[in-house]
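Colleague: What follows is a structure written as structure tokens; I'll ask about it next.
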Amino acid sequence: MSLLEITALSAGYGGVQALFGVELTVGEGEFVALLGPNGAGKSTTLRVLSGLIKPSAGRVLLGGEDITTKPGWRRTGLGLGHVPEGRQVFPDHTVLENLQLGAFVHRRSRTRRQELLDEVLALFPRLDERREQLAGTLSGGEAQMLAVGRALMSAPRLLVLDEPSLGLAPLKVAELFGYIKRLHTERGLSVLLVEQQAATALNLADRAYVLERGRVAISGTSDAVRKDPRVQAVYLGGEISPATG
Amino acid sequence: MTLQAWIDGVFTGSIYALVALSLAIVYQPTRVMNFAQGEALILGAVVGYQVISLGKLGWVVAILATLALATLMGVLSERMIMLPVRLSGSRFAWIVATLAAALIFQSIFTLGYRDVDALRPAPMAEGGFTLAGEQVSWQIVLTVAIALAVMAGYDLLLRRSTYGRAIRAASHNPGTAVLMGIPVQRIIVLSFVVATVLSALAGLLAAPVLFIGPAAGLIFTIKGFTAAVIGGVGSPRGALAGGLIVGVLDSVVRTEINATAGNLVVFGLLALILLVYPSGLFGKPMEAH
């Protein structure tokens, strides 16, 4: 049984359908990339996953439990950790407060919260140095680390990252993906990574899905997807800088 | 003469401060300024009048009835205001929705107590003491003390507790707060309930001293709103400072000159403070979004 199972998922916005029967799974301890151009349905898939929009058809199972109709805030407690697009740290809260908000689902256990905090601060020493600083004053790379650290504070079973490389300098992107890779290999954390930078994502992931116009166009192991002629042509063609905007 | 005006001012000021705090409690997670907030104060006065003056059932029953009815009114207000705001999608829906709620509640109170000039039960604390030749009733002392305790308590909650942090997070970015597992919708309902209960208790405490008619809700909303804006919306300290400034200034000018001058000075000061401190005395500058 997979950790995350999305079956026959269709969804849209007020009459305009954006997803057509999407199938996607993430196994326990697996690193899966979700690729595709802008408007392919990556964000819509994540919105359904986080409970921001209701699908018109299909089901979402997390650890075998049907969460399709569960309100968004309940899903965090069930093991879904989010790193939202654009980081979305709380700028008027300190770094420490941001992390504590990430552990909101563990608010009843002080010892568990402290445990998680020690773990995350050990992982990101830079956040420890800046713990009393307001999150709004962090650099882009630090804010992204905070967003990842904040998601880890809920002790997620599945970490979902939405375009974490967006707006970061290449060096910072490499550093960030280094951390995520470590989380996956050293701690066996399951990861669903939504990325525009297909080459980077395929290097990290075990398997990948490519969405096109709301449908899964290509799926398979990262190696297979990388070798697919369509992917070669559209995404990896001589390493042209990935389409943005 | 002037000392009495100051005492009255501090008393009405702490009532305004409680309304200002209630407005801020709802405003933080919703960005809605609830123009029906003053009606909750009238509810407290109505319950006091009905239970203590007419029913002779005493203060304990009055407090319990206020808590129960204010909770109900809070839940109802959330539906009456937030449902149209969400469904319409207009940036200005809250103005119509909160004014409509205010007028509906006002009509109910006016229909029920149309021949009552002032909803004035006997005070909870009888008697008083003399301060430099002026009479100060225990009811005034009690009200000011409760208002101060509520402000301090809420300030502490907002700054120190997990829930306080969650409320501030929901206030800044509800979408991301939900991703943290924070039940933003529940926080909104709870905010309406807490705000309504606080204002209703303020009404119950103030009714024996102030002249509160069944249709006076909007006046208290406006005074509370002025206090909130002067102090800076969202800060309990601001609500307290703003409430006291409005209360004392109004009362002193009213006594020294006349009632119209009181309003003129209060709203003149509001304009002046907004020029110098656009986000109020204790407020933070609003973010651009």
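Including glycine, each Cβ sits where the backbone N, Cα and C put it.
Note: TrEMBL annotation is automatic and uncurated.
Feature list, courtesy of TrEMBL:
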- B:6-27: transmembrane segment (TRANSMEM)
- B:34-52: transmembrane segment (TRANSMEM)
- B:58-76: transmembrane segment (TRANSMEM)
- B:92-113: transmembrane segment (TRANSMEM)
- B:136-158: transmembrane segment (TRANSMEM)
- B:187-213: transmembrane segment (TRANSMEM)
- B:225-249: transmembrane segment (TRANSMEM)
- B:261-280: transmembrane segment (TRANSMEM)
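What does the local environment look like for each feature on the list?
Modeller: Outside the transmembrane segment (B:6-27), and at least 6 residues removed from its termini, the chain residues within Cβ reach (under 8 Å) are 33-34, 37-38, 40-41, 131, 134, 136, 140, 143-144, 147-148, 150-151, 154, 191-192, 194-196, 198-199, 201-202, 205-206, 209-210, 220-221, 223-228, 231, 233-236, 238-240, 242-252, 255.
If you look at the transmembrane segment (B:136-158), the same-chain residues 6 or more away from its ends with a CB under 8 A from one of its CBs are 7, 10-11, 14-15, 17-18, 21, 25, 123-130, 164, 167-168, 198, 201-202, 205-206, 208-209, 236-237, 239-240, 243.
Long-range Cβ contacts of the transmembrane segment (B:187-213) within its own chain (Cβ-Cβ under 8 Å, at least 6 residues beyond either end) map to 11-12, 15, 18-19, 21-23, 25-26, 28-30, 34, 37-38, 40-49, 62-63, 66-67, 69-71, 73-75, 77-78, 81-82, 116-124, 137, 139-140, 142-143, 146-147, 150, 166-167, 170.
Long-range contacts of the transmembrane segment (B:225-249) within the same chain: residues 6, 8-21, 23-24, 27-28, 33, 35, 147-148, 151-152, 154-155, 158, 171, 262, 265-267, 269-270, 273-274, 277, 279-284, each at least 6 residues beyond the stretch ends and with a Cβ under 8 Å from a Cβ of the stretch.
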Colleague: Between the transmembrane segment (B:58-76) and the stretches B:34-52, B:92-113, B:261-280, work out which stretch tops the count of Cβ pairs under 8 Å.
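Modeller: Per the Cβ count, the answer is B:34-52.
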Colleague: Please report, as numbers and ranges, the same-chain residues at least 6 past the borders of the transmembrane segment (B:34-52) whose CB is under 8 Å from any CB of it.
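Modeller: Apart from its flanks, the transmembrane segment (B:34-52) reaches 15, 19, 22-23, 26-27, 58-59, 61-62, 65-66, 69-70, 73-74, 77, 80-81, 95, 98-99, 101-102, 105-106, 109, 112-113, 116, 119-122, 192, 195-197, 199-208, 212, 214, 216-222, 224-225.
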Colleague: When you scan the chain for residues with a C-beta under 8 Å from the transmembrane segment (B:92-113), skipping those not six or more beyond its ends, what do you find?
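Modeller: Contacts with the transmembrane segment (B:92-113): 30-36, 38-39, 42-43, 46, 49, 73, 77, 80-82, 84-85, 119, 214-215, 217-218, 221.
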